[in-house]
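Here is what TrEMBL records for this protein:
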- G112, I132, G133, D134, Y135, V136, L137: S-adenosyl-L-methionine binding site (BINDING)
- 1-224: domain 'tRNA methyltransferase TRMD/TRM10-type' (DOMAIN)
Amino acid sequence: MRIDIISCQPDLLESPFSHSILKRAQQKGIVEIHVHDLRQFAINKYGQIDDYAFGGGAGMVMMIEPIAKCLAALQEQRSYDAVIYMTPDGETLTQNAVNRFSLLQNIIILCGHYKGVDERVREHFITHEVSIGDYVLSGGELGAAVLTDAIIRILPGVLNDESSALTDSFQDGLLAPPVYTRPADYNGWTVPAVLLSGDTPKIEQWRFEQAIARTEQRRPDLLK
Ligand code: 6GU
């Protein structure tokens, strides 16, 4: 898979992809991540990529030209299956959407800033609009990092124990059950006996029941 991220603050996206799982996924050749500085496609030598909104009002708007040029440069090289715009008024990200994006070959992620992008970008270039939740961030970069992380960790071969992505919270529509490790008794706080029983079917049944109970209690909306 190849992920191209277009940003006016590309330095924000250096660190999230240079550690642990995401770094290893790139080293293994499972995913390529390319971050592009939108300012390299600025309309003038001052690096301008935004301008005042027609009709007035506070806040700058990202211009269509730099974005169009950057997209064209990428789309000239290869075809893309999705051009995703990160924006607080996009569709709230779910595991389901992540699963669907993870099946694509080449995707572009555009990070919004300021008061957003010229609406014509959304109308003519964007195929999907994604928000990571009902709160406002100062830019789409952290959202893009969240989306990229969620996609990459479920790509085949990224996690050593492949089944561990399958047992994530949400992957079966339920929250994950509680987990424990040594010591079995910490100052009298003990681990559920069933987990020490060695009876795998019984343990699986217990985990399933715990997942249901936890989901009923914390996220009943997921059971509908
Ligand atoms: Cl993707 N961008 C911004 N700026 N704010 C957000 C968001 C994205 N998702 C939730 N809030």
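Each Cβ is built from the backbone N, Cα and C atoms, and glycine gets one as well.
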Among G112, G133 [binding-site residues], residue with fewest other Cβ within 10 Å: G133
Which of I132, V136, L137, all binding-site residues, has a Cβ with the fewest other Cβ atoms inside 10 Å: V136
L137 (S-adenosyl-L-methionine binding site) - helix vs strand vs coil (DSSP): coil
Three-class DSSP secondary structure - I132 (S-adenosyl-L-methionine binding site): coil
Number of Cβ atoms other than its own within 10 Å, given for Y135 (S-adenosyl-L-methionine binding site): 7
For D134 (S-adenosyl-L-methionine binding site), nearby residues of its own chain (Cβ under 8 Å, 6 or more apart in sequence): P88, T92
Recorded S-adenosyl-L-methionine site residues G112, I132, G133, D134, Y135, V136, L137, farthest C-alpha pair in Å: 16
